[in-house]
Structures are given as structure tokens and as C-alpha cells.
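Below you'll find the structure, written out as C-alpha cells, and then a few comments.
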């Protein structure tokens, strides 16, 4: 969801002649572009200024926006017969650009005609968007696939998803007779597949959103539990590594799944029998029985806000969290050293073979880790030099692949074997560090706060997509919104209590949403467009049908792992 946890992307456009450091928050446009970029549909409660001052448009401008929204539903974006007339469009100073996270940013007009993002900013935005919760499960995925196989799978999946993303970017240019400059990818799907394409894209988009929200709930429960445990142990001078299989050194690493059949440990802790205070704490601070419910009282009210604009201000925490994880992994690897042995097919007591048949679990995780296909057109629209889109996309994917390789390889290679087996690597690699570890505690605090600010944004997106399509209003009533939020929160609580396996949740949701957006739609649209132009050849047909088969197999095989 991808990554769903760090997007607040901006959709301004202009052609520039002079370079100026626009920065990712500087949204500018050329007045002549205003007509080509309509319609805008921004609800007043969604307006947020780049200077962090909450704003509302006038009632008159709001009414005009609603009329523009009505015009936009009467025809496809390429059909200019029903384009909103000039007198309906708000003045430039009243126009805002919609961000995928549900907020809006005010346009800044520059008559000089510059203001699009540089390639560096575009590359960073793509990298930042893809960096999500999947990064915590990459080391576990490498363990499931085998060290050598895991590295090869990461590289191959990066190349495959890059090609499919390239096909998404080029999909608009395959329709020569239509003006597709303002189209997004759902518009392309609707053009080729009609209402089925529109509703199926909505369905798979909701799968990725709700899957991400469930993963967030499981992780927030985990991080909140370990944070409370760290504070309690610090106050009472309890060493939690004494009651669990761990290494005996200044940088302890634990194996929570030892004695639980290799499954993630969902219990809280083990205390000495005569420690009444600790027993009471264990009773009321349990990872699966109590903590997931504590989050309900905190997050459910936030989901009912009409606008998530306040939370969008904390998106920079996503970048900070990833950078801190890179620092943490590097520091631990330097202190622990590398522990590797190579056995191609036969496992040993402490090491896994280089080739394991559970590698599809890693492909499922990576499908979501490399997932950006539903919003890549939006991100690249802001690129200053459109001719560099493909180059910048390739560079961004290369950086994402290197980041995943860096995290996964360092965690796997530095995991202390012996005395612990590589099979002890958890689906969330932070679980391999005791709650008393200060650096891991800081990482959990960072991630907990960041996820608590992103979670309402994901809920808002789910509300916009589902209620907006069904009722034509993203906030039909507090009752409708509350019912939807209770269903989403309930799903998160149930999974946190009974299936707190983020690796499993990520690979299922990744394979499901990737089936449509990554594998089927890009390949099928390319085949149809070539067939319409009578340029379809057997090699191209076979290759893209093979990609579709890979996507279907990737989903099916997840249920047998």
C-alpha cells in the first residue's frame, strides 16, 4: 500500500523555463492551465494551507465546486462537450488542488510559468510513498525464501513491478484520438473496461486500504504494548530477557516464537509467581486481550472527523521513521556482526537453506511493498520535465529496491546464529529486540505516533471511496460514517486478537490488490490498445499473458503457504 502511510501528494501543474527550488510543498500553476485542469471538487472542510492555517472557501465557491462536481459525472474527462463553463469555475485565488490523502492545498499563481517539481523531488516523493509497513516484514520474507533466493526475488519483483508501473504511465499515451492530459488511472480503466473497470478498481483499492488499516492496528497494538512494557519494566527494574530465549551480551536479541511452534508469540510476558504487581499489570496490559481494545477509545473518535487535514501535517514522520529504522539496523549490524552459513537445500540447527519453497510469501509481501501503480500518474504529473518521467521512475524503483535489500540483508545477516536460529526472525523484525532495548523503544514510539496520525487519513480515504460512490456524499450522516468506522475498527481488533501476523496480512492484501493494479490491468490494457492499433504480436501477447498468470498464481499460492 504500497505505501499508504506517507502520502500527502500535490497535484499542481505548470511548464517552467527557469528553475527555482519548489520543494514538495510548493504548489504552483500557470493561469492558462486552469481551464485544462478542471473540474476541482474540494469540500470546504478539506481545505488546508501549506502554512498550516486551516481555511475554508466561501459558500459561493463551495456551491460552484459542487456544480463542477456534477458536470464531471456527466461524461468522461476526455469529452470536452460538458466541460464546466467559465462562470462556474471559482477564481484562481479560490482554487485548491486535491491531495490523495483527503486534504487540499491552495494554488499559487506565478505568471513566470514555473513551479513544477524537479526530478529530485519527484524521485523522493515516489520513494517516500512506497516506504510503508512492508519494510518491517522484509527480513522475515527473506528468511522464508532463503537468503540467496530472497535477494533474487526482491530484485526480480522490483523489475517486474517497475515494468508494470511503466505500462501504467504509458497507458494514457496509447489513446491518440483522446485528450488524456487530465486523466488518472481509474479513468483509463473505465475507458477500456466500462463500469466494471471503475467498480473493480474501487474494490481492489478498498482491499489495499482496509488491509493497510488492519496491519496498522496490529502494529499499533504491538508498539503500544511494548511501550507500556518498557516503562513498567524500567520502573520495577525487571529484565524481560531472563524469561525468554535470547542472546547473552550487551545487545540482546530474543526469539519470541521459541516454544510456540514457530508462530508469532501473542502472549504478553512471564513473571515470577510471587510478583503480584507484575501479575496485575500482565492481566490488564495484554498484547492480544486488552491493548487492541484500548486503541478503540483513542482512534475511533478520530475516524469520525469530517476532515483529516490536521493529521496530514505529520506526514514527515513517515520519512523520519524510515531513516531511523535504517540507522537502527546499521547500528545493530555493526554491534552484532554477520552470522552466515550457506546450505542450498538442507536446513541446519541454526541456519535456513538458501532455496526454500516458501518464497511466494515474500512475493506477496513485495507486491504491496512495490505498490504505487494506482497513484503513479498523479505523482508524475508534477514533474517539471515530463520527458524524464520514465528515468525518474526507474531511479525511484532502484532506490526502493536498494532500501529493501539493505534492511532485509542486514537484519538477516546480523541475526546472531548461533545461539539463535535464523527461523526466529519475526514477521515484525522489531519483535526480535526486547522491550527494554532503548533504541528499539525509540523506533516503536516513532512508528506508533506516525501510524496514529496516518490511520485517520486511511479511514478518510476508505470513506471517500466507498460512501462517495454509494451515496454520492463522503459524509452522508454521522450514522453512516460511524457504522463504516466500526466495521473497519472491528476488523482491526479481531485480527490483532486472533491473527496478529503482519507478514500474513500484508502478503494476502498485497497479492489481492496487486492482482488487479499491478498485473492484470496494465498488461490487459496494453494488449487491447495494441490490438486496436493492429500492432499486437505473438511475443508481446505471450509475455503479457504470462505476467497476468504470474499475478493470479501469486494470489492463489498465498492460501497454500
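Heads up, the Cβ atoms here are built off N, Cα and C, so glycines get one too.
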The residue range that Swiss-Prot labels region 'Important for arginine binding and amino acid transport', out of 117-122, 123-128, 129-134, 135-140, is 129-134
Same side of the membrane for residue 185 and residue 461, as recorded in Swiss-Prot?
-> yes
Which stretch, out of 1-30, 31-60, is listed as region 'Disordered' by Swiss-Prot?
-> 1-30
Kindly point out the range from 248-268, 395-415 that Swiss-Prot annotates with transmembrane segment.
-> 395-415
Specify the count of other C-beta atoms within 10 Å of the C-beta of residue 255 (disulfide bond).
-> 23
Number of other Cβ atoms within 10 Å of the Cβ of residue 239 (N-linked glycosylation site) across all protein chains = 11
With DSSP as the yardstick, break the motif 'CRAC motif' (457-463) down into helix, strand and coil residue counts.
-> 7 helix, 0 strand, 0 coil
Residue 239 (N-linked glycosylation site) falls, by three-state DSSP, under coil
Determine which residues of the chain contact the topological domain 'Lumenal' (141-146) at the Cβ level, with the cut-off under 8 Å and only residues 6 or more beyond its ends counted.
-> 153-154, 352-356, 358-359, 361-362, 365-366, 408-409, 412, 422-423, 425, 503
Number of other Cβ atoms within 10 Å of the Cβ of residue 424 (disulfide bond) across all protein chains | 22
Is the topological domain 'Cytoplasmic' (529-540) packed against any residues at least 6 beyond its ends, judged by a Cβ distance under 8 Å, and which are they?
-> 171, 174-175, 192
